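These notes are about the structure you will find just below.
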Amino acid sequence: RPFHVEPTNIVGVNDDMQRVTDEASAMNKRIHYYSRLTSPADRALIAPDHVLPAPDEIYVYSPLGTAFKVDSCTDGYGKNSSIVTIFMIWNTMMGTSILSIPWGIKQAGFTSGIVLILLMGILTLYCCFRVVKSRKMIPLIDTTNWEFPDVCKYYFGSFGQWSSLLFSMVSLVGAMIVYWVLMSNFLFNTGKFIYNFAHDINVTDIVPGTNGSNKVICPSAASSHPPQNSSVMFSSGNNTGFELFEEWWNKSQTVPFYLIAVLLPLLNLKSPSFFAKFNVLGTVSVVYLVFLVTVKAARLGIHLEYNWFTENDFFVPEFRILFPQLTGVLTLAFFIHNCVITLLQNNRNQENNVRDLSIAYFLVGLTYLYVGVIIFASFPSPPLSKECIEQNFLDNFPSDDIMSFVARIFLLFQMMTVYPLLGYLARVQLLRQFFGNAYPSIFHVLILNVAIVGAGVAMARFYPNIGGIIRYSGATCGLAFVFVYPSLIYVISLHRAGQLTWPALIIHIFIILLGLANLIAQFLL
């Protein structure tokens, strides 16, 4: 006869049994989660046969942010407090888009830029709520371990599965291209600083800039086309050696190729889990950028003039027709919709998900607003025009600026550690769909990585404009994951439940049209 234990009413025992049950459930979720990210041959992110996974470890990958690992910050039962959940979401969303926010505000106009950041934050947050709720609205099916692409597959079949893969790859490859352009930029300026310092070279910029110790430059002023991430030219007393260095250390013609020797071998590793140990650098980089912006603004002062529609030599109107360029950047800046379910399902108090997600979005929007507004307002106009604000605002500071040098070093090292993780995730998603294995052979992996690296090198060579790349990729993947799929799934689920109303239908059709207009506008402006 099977051993039988009667239910007990002893105080505390039921609570302990419930905690054990919750712990086992959390462990099973992690087994499922890791198995989705790795092939059977890759044991780095899945549990060994003789142990269960630690309930306080989870990796979350962000296309333009970091690879975030929660380590020893849960309550011991696989759950995170609200503070940890909020920080995870903030840390995951904060990415390289922050470097282009001041440029986006310049394209939209100061007042329009502030309004658009607020509106896009609210709109993307609402769509994020729809993503979180989409899994819970599926009846009679256990969706505990589902992610948003699984929901898309449930509602739209194979089309939803493959289209979600396509748009996910757009976000990942777009992020890797932006990383390559920025790493080339940071490596170039870092090398320039080290060379000039080591050879005691007196550097003189030939591009317009301010005088004094707090120098701000306008690299785009030397050309007649819109602001580019163009190289700053220098001169020195030792012309022969310096000219040779300039020839072999060029931002767009040589430096992007030098990165291949370092990063391509790292992409071919079966498991990049080692690099996840450096994810804290993402948070350090953002904090340091906020510190840099604050110090620079305190030294430069505020330079603003309000003109609603007229433009002069030094200031831009408060409203500009180029505002969709900012909305494209913001779509990716607030993008977390493909992994928000993973982040929130480990929240200890599920009833606080709406509150915690709202607080995280508020903090992200506040960070973007602070950096964007402060850089735009403190940019010295006159003598320089606000049109000089670069797509990467660090380009407005010369390579010999100490604070900017430290920022570039932080960001360069952080991106070099995150880049292999993004490549790994792209490999897992694509190769497992076609071959059923994330590492079918070194030949398959090498071809994929060469294609991704080649795209990054080509863009760094011929189109090194991170603002443009971010807005195109943001509007494209955002059309699916932010605007269309969450709205369609919500409308379909309401219709099946017999709860669809005309106001709800009109509102969500309007959201879809906004996403479509956002994408089309990127190619027209």
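A Cβ is built for glycine as well, from the same backbone N, Cα and C atoms used for every other residue.
Among the features that TrEMBL reports, domain 'Amino acid transporter transmembrane' is placed at 81-192 (among others).
Outside the transmembrane segment (83-103), and at least 6 residues removed from its termini, the chain residues within Cβ reach (under 8 Å) are 60, 62-66, 68, 70, 73-74, 117, 175, 178-179, 182, 227, 282-283, 286, 289, 329-330, 332-336, 339-340, 343-344, 346-347, 356-357, 359-361, 363-364, 367-368, 371-372, 375-376, 379, 389-394, 415, 466-467, 470, 474. Taken from TrEMBL, the feature transmembrane segment applies to 83-103 (among others).
Per TrEMBL, the feature transmembrane segment maps to 109-129 (among others).
Beyond its flanks by at least six residues, the transmembrane segment (162-182) meets 63-64, 95-96, 99, 148-149, 152-153, 156, 229, 256, 259, 332, 335, 338, 392, 411, 415, 418-419, 422-423, 425-426, 429-430, 433, 452-453, 455-457, 459-460, 464-466, 469-470, 472-474, 476-477, 479-481, 485 of its own chain at Cβ-Cβ distances under 8 Å. Taken from TrEMBL, the feature transmembrane segment covers 162-182 (among others).
Using a Cβ-Cβ cut-off under 8 Å and counting only residues 6 or more beyond its ends in the same chain, the transmembrane segment (253-269) has close neighbours at 180-181, 183-184, 187-188, 191, 275, 416, 419-420, 423-424, 442, 445-446, 449-450, 452-453, 456-457, 460-461. Residues annotated as transmembrane segment in TrEMBL: 253-269 (among others).
Sequence annotations record features per position, and here TrEMBL assigns domain 'Amino acid transporter transmembrane' to 253-521 (among others).
Residues or ranges marked as transmembrane segment in TrEMBL: 281-302 (among others). Remote same-chain residues near the transmembrane segment (281-302) are listed as 65-66, 68, 91, 94-95, 98, 214, 216, 367, 370-371, 374-375, 377-380, 397, 403-404, 406-407, 410-411, 413-414, 417-418 (criterion: CB distance under 8 Å, separation of at least six residues from the stretch ends).
Residues or ranges marked as transmembrane segment by TrEMBL: 322-344 (among others).
Long-range contacts of the transmembrane segment (356-377) within the same chain: residues 82, 85-86, 89-90, 93-94, 97-98, 101-102, 104-106, 110, 113-114, 117-118, 121, 124-125, 128-129, 132, 286, 289-290, 293-294, 296-297, 302-304, 330, 333-334, 340, 344, 347, 386, 389, 393, each at least 6 residues beyond the stretch ends and with a Cβ under 8 Å from a Cβ of the stretch. Under the heading transmembrane segment, TrEMBL lists 356-377 (among others).
The transmembrane segment feature in TrEMBL is assigned to 405-426 (among others).
Residues 38-39, 41-42, 173, 176-177, 179-181, 184, 252-253, 255-257, 259-260, 263-264, 267-268, 270, 423, 426-428, 430-432, 469 of the same chain sit 6 or more residues outside the transmembrane segment (438-463) yet have a Cβ under 8 Å from a Cβ within it. Positions annotated as transmembrane segment by TrEMBL: 438-463 (among others).
Look at TrEMBL and you will find 469-492 (among others) tagged as transmembrane segment.
Residues 123, 127, 324-325, 327-328, 331, 471-472, 475-476, 478-479, 482-484, 487-488, 490-491, 494 of the same chain, all 6+ positions outside the transmembrane segment (504-524), place their C-beta atoms under 8 angstroms from a C-beta of that stretch. Residues annotated as transmembrane segment in TrEMBL: 504-524 (among others).
Long-range contacts of the transmembrane segment (405-426) within the same chain: residues 37, 61, 63, 66-67, 96, 169, 172-173, 175-176, 179-180, 182-183, 185-187, 189-190, 193, 262-263, 266-267, 269, 271-272, 275-276, 278-279, 281-282, 284-285, 288-289, 292, 394, 399, 448-449, 452, each at least 6 residues beyond the stretch ends and with a Cβ under 8 Å from a Cβ of the stretch. For the domain 'Amino acid transporter transmembrane' (81-192), residue counts in helix, strand and coil come to 96 helix, 0 strand, 16 coil, using DSSP.
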